[in-house]
Each structure stands twice: as structure tokens, then as C-alpha cells.
Amino acid sequence: MTNLIKYLKELQNWLFDYVKKSKAKGVIFGLSGGIDSAVVAAIAKETFGFENHLALIMHINNSKLDFQATSELVKKMQFNSINIELEESFNLLVKTLGIDPKKDFLTAGNIKARLRMITLYAYAQKHNFLVLGTGNFVEYTLGYFTKWGDGACDIAPLAWLLKEDVYKLAKHFNIPEIVITRAPTASLFEGQTDETEMGITYKELDQYLKGDLILSSEKQKIVLDLKAKAEHKHNSPLKFKHLYNFQN
């Protein structure tokens, strides 16, 4: 834990310096009621103070637990937050596109993530803030995020932290138990949880990535398949290798 707290302080100093050099006023991020966004919020508040951090709580068919978790987070942690109702915008968009969220729930879920991204960047530009992502090392390694959705950010503070490290920081910051004990979820569709969707637990993934666990052939296939499907998420848009001579 001592090394983790040392890393945290180095991270906070780096964040502060980077934002200052960027001539931004502060940082903005989505607050979902999950443990990753809660830890990012705690880091942001401690680093930049109340006025220069902003948590957007974006409502799109959120669960009752989402409401309870975000409410308790804001009340206990005293985050600077704004509630944004996006449900009407989401419903209008999927209707315009002819998408039924109950049938094509994955497409609809990714639209939710991208609508939140649009909202974050609109507020970021309005207030001269930089956008903080909430993804951890496991999610980035497997590509478990929505391209141009929750994967879009200016700074990814948790990018080198395992899920177990995020839990340790949550304890360090005294994050409410309702957040720590709930099943990790991106809240993309009803009943969705990260571990059910991936087919493997964060504990297994943490141990595997540290080299402390040899996965079964079935679990190895899950990890390799997830990484292969998400490879494009880690790359810039592909360009045709043959250069066009535009001078002729």
C-alpha cells in the first residue's frame, strides 16, 4: 500500500502540472456510481480543489442503484457535480436511427457511452477543462471500453492500475461501501455487469496480468478473443500504405 500511495502522489503532481501546462482551468469526468469513476473523482478533487473539478452525473435509464450510489458519493465526498438528463436525447436518437434498445442492446449501449462522451466534451470546452477517463489497466489491456465513448478522454489517470489497486485507493479515500461492494458495470444496458459480459472476473485478470495465475485454456481463449476483437481500439485510423502523389 505504501508504494501505491507514493504512486498516487506522483500521479497527482503529474496531473496538476499537465493541466497547468495545457492552460486548462481544471478537469471534468463522468460519475457513474462505479468504483473507477469514484476514485477518479476523489483524485481530481484532492488534486484540483472543489472549484476546478466537475463530475457530470449523466442519466440515461439509470438503475436505482446508480442513483443511490452517485447520491451517496456526492453527499459524503462533497464532489462538485451536475446532474444531466440525457434520456430524452437518447430516446430520440435511437428512434431516429431505427434502433430498438431491447433487441439491439449492445448498439444502444454504445450510443449511451458516446452520448456521454459528447456531453463531457461540450462541458469541457465550455469551462476550459480537460476530460479524465475512468478506465483501468485491465480494461485498457482487453479493450473493454466503447470506442469514441468511455474510451475517449484527454487523460487516463487509472490506466496503469489493476482493479485491485483501484479498490485499495477506494478504501484510502473512504469511498462509500455501496460503491465498493456493488458489481462493476458500465450501465450500458439493464442487468449488465462487466464480469458477466467478459466471462472472467477482475480478480482472475489481475492475477493473470501480474503473472500470478495460469488461466485455464477456456479463460485464455476469452482473454485472447477480447484482445483480438478490440485491437482496432488501440490504433489510430488505418491509412492506405501507398502514398498518393498529389503534386501531379
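Backbone N, Cα and C atoms are what each Cβ position is placed from, and that goes for glycine too.
Noted in Swiss-Prot for the protein shown:
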type	residues	note
BINDING	GLY30, LEU31, SER32, GLY33, GLY34, ILE35, ASP36, SER37, THR134, LYS163, THR185	ATP binding site
BINDING	ASP36, GLU139	Mg(2+) binding site
BINDING	ARG114, LYS147, ASP154, HIS232, LYS233	deamido-NAD(+) binding site
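The structure, with features from Swiss-Prot marked on it.
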| residue | record | DSSP (3 states) |
| --- | --- | --- |
| GLY30 | ATP binding site | strand |
| ASP36 | ATP binding site | helix |
| THR134 | ATP binding site | coil |
| GLU139 | Mg(2+) binding site | helix |
| LYS147 | deamido-NAD(+) binding site | coil |
| THR185 | ATP binding site | coil |
| HIS232 | deamido-NAD(+) binding site | helix |
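Spanning the listed deamido-NAD(+) site, residues ARG114, LYS147, ASP154, HIS232, LYS233 have a farthest Cα to Cα distance of 19 Å. A Cα-Cα distance of 16 Å separates ARG114 (deamido-NAD(+) binding site) from THR185 (ATP binding site). With GLY30, LEU31, SER32, GLY33, GLY34, ILE35, ASP36, SER37, THR134, LYS163, THR185 listed as the residues that bind ATP, the site has a largest C-alpha separation of 18 Å. When the binding-site residues SER32, THR134, THR185 are compared by the number of other C-beta atoms lying within 10 angstroms of their own C-beta, THR185 comes out lowest. Non-local contacts of GLU139 (Mg(2+) binding site) by the CB criterion (under 8 A, 6+ apart in sequence, same chain) comprise PHE145.
Neighbour density at the Cβ, taken as the number of other Cβ atoms within 10 Å, is lowest among the binding-site residues LYS147, HIS232 for HIS232. In this structure the alpha carbons, written CA, of THR134 (ATP binding site) and LYS233 (deamido-NAD(+) binding site) are 16 Å apart.
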